[in-house]
Amino acid sequence: MSRHGCRHLCDLKASKGTESFKIIHKYFMSCSSAQARRRQARNCVCHTCKCWTPRLHSCLSCVFFGCFGSKHIHEHAKSKRHLLAVDLTYGSVYCFSCKDYVYDEEFDDIVKKGRDVASLAKGIQMFSVWEPSLSEVDLLKKNPKRRKVSGNSTIGLRGLINLGNTCFMNCIVQALTHTPLLRDYFLSDKHICQMAKDSQRCLVCEMSRLFQEFYCGIRTPHTPYRLLHLVWTHARHLAGYEQQDAHEFLIATLDVLHQHCKGNNGLSDKNPHHCNCIIDQIFTGGLQSDVTCKQCRFLKSYLDGTDKFEDPTSLTHCLKRFTRPEHLGSSAKIKCSKCHSYQESTKQLTMKKLPLVACFHLKRFEHSTGYHKKIGTYVSFPDELDMTPFMSSSRNHNNGYSEQVIQESASSLSSENKYSLYAVVNHRGTADSGHYTCFIRQHKDAWFRCEDHLINKATIEDVLRSDGYLLFYHKQILSYE
Amino acid sequence: MDNMLTDLFGELEEDDDDEEDNNDVQTPVEDDMITDIMDVLLDEIILGISFEVHRACKLGIFLLDEMDEESQKQYDMSNNGDCHVKFTEIKDIRGLDVFGQVPMKKQFDCVCPNCQRNLAASRFAPHLEKCMGMGRNSSRIASRRIASSGKRDSDNESDGNEDSDWHYTPEKKEERKAILLQTCGVISEHTKKMCTRSVRCPQHTDDQRRAVRLYLLTQQGMVVDDDVIDIDTYDDGDSQTLRDTLHWEAASNPSPDSTSTTNSTSSKKRKPSKHSKNKKKGNHINQSHVNGNHSGQGHDNHDRSTNSANTYNFD
């Protein structure tokens, strides 16, 4: 079960190294340019029967290609005593002495690197399957107990007792516990408490316990009173038995979680202001603000931008307005560093770095002196969202983000900036009093409506029809850092 | 594997037929070429899968993540019978939740992490607000807590009765009196609980209020259960009204004496030694309050406020 191939392969590596394998892999398995592919096609012929056949193998000791099916490579191996040959399609190494394919760590690495380079050149994202290391295989064998969760299992679903107007908290807890990355983090026991003496006060530890409560399979509702106590203890401005805002609670909770995570991984070297705790990794993105002088280069495109002030009707519309250049007005002239004069300018916000989880907060409550109003406008939001048009990298195209750009990116193959909806928090009632409920996605296409202790099945149509207040989107594709 | 292949090729051939029907332009040669290319591509894919499986077997990771027999048995059992709660399938039945249960109105209890008091989960948030000294009455309660905390830490460490401070058991007549000064107090026939609304509560009449006062303050040994009186939600803003409307014997003429009686009673529970030191002025909390703010015997108003605050016992 060694990862060092067989004895014969080790002998070959010791005498000739891995260079020949590297070259063969580069020219025949991970070629990306059209020219390289042509060369590959021309050369992929059996040296014995002079034609292309499936399962063509190349000798690792000399330049010889032979087909496996007609045993031409076998003949070569026997006559020349060249014991090893590599499959020209997948790069597996065959040992004629062991009469089997053998797998070697070093060769695997070469294959993996070659594939990464090729996929980068082709602009296609390739995903390699996770494989346990030797020690992990050992652990898995020593602990054979597995529990597979079937698609229709209630695992992860649990009601929450209302502690007295705490539906705002229950909704946020439901959304957080169904955030795939947070779930994976906590269920794999990644949190190392930073409050050694006082772990009872650590909110991250409490979250960890909460995940255990949610995914242990118990059907009776959970009472999150310890969570409430901890959040109130650490975010005292929230404490108070009045109806509260779910968004405020979410922000405060994430903030406390972030505080308690600190030191867990330390600050990253690249950016001292950027923490790499799990909360920041998941929820932090970045905005880019560009101020452009109207006079010297932005005049035309600004005028092209639509300047309508209508009610937003969809999330995409809201995002368009958010990332639209904003005229700073004649009273706020800024000295342009290029044309050296005070000019009117425009400011534009775009997404510099997308977070893994994007939470959109639709302004449903308007607070002015003297009145509080709830805004009941229906704002449609998609199941799947592409953020490409709102990225800083798309800024150069134009300023108004015409429909064309959005459609282009939506139809493009790249799903790099695509997001999936996984939780929606709703509010019904007025600005002063009301009730929070939420929809959460347990897994793909399995939606549930949570109202405190009560959980019912829902459909995606129910979700998309609802008046969203907080919308949680999860990035579809996560790349390794 | 053979079966699978023939299935696949069967399907492919059908597909090809379809194309031919639609286009009618393909020559037999082209058709052969298409089939050949398809064959090659398919062979290659199958070869890839074979390599993957072979590799997994050689490295000992093949099917390593599969469910073990024991767990599979448990899973099957839980789906057929009701012996195991760990695996349940999602139910979508009108009137029932996803677990197939009738939505319950069951009471859940929890223990307040702040005061260790046992209370109904549905009342936890309002309780915690008061208990942590926040919300509407926050500043007053918080300052009381700060004033008392120093003393408590220093001399009540070993006091086993510490917790009794937090369990308000108005067994004493004076304490009941104190509660009745602040709240309506009419005992509901239905819930057997005292009404915690203000003394002007519209749900009960003054006659009812008078009756309950007569009952509670004349009958001896009547023990009111701790959980029955909801001191958490009660509001003390109306104590003056009570004095005005009900002409309560003690309240109509609030004197420093009546206040100190109430206070000293509660201090008995706390600590006898303390009590002996502060005979007149009541317990240590009030003492510090009085000394700190007014340096002497309290003003009428002041006494009232400390008195009413005392009924919370959130120090």
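Each Cβ is built from the backbone N, Cα and C atoms, and glycine gets one as well.
Note: TrEMBL annotation is automatic and uncurated.
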Per TrEMBL, the range holding zinc finger, considering B:110-131, B:176-197: B:110-131
Predicted model, mean pLDDT over the zinc finger (B:110-131): 88
Counts of helix, strand and coil residues, the zinc finger (B:110-131), according to DSSP: 11 helix, 5 strand, 6 coil
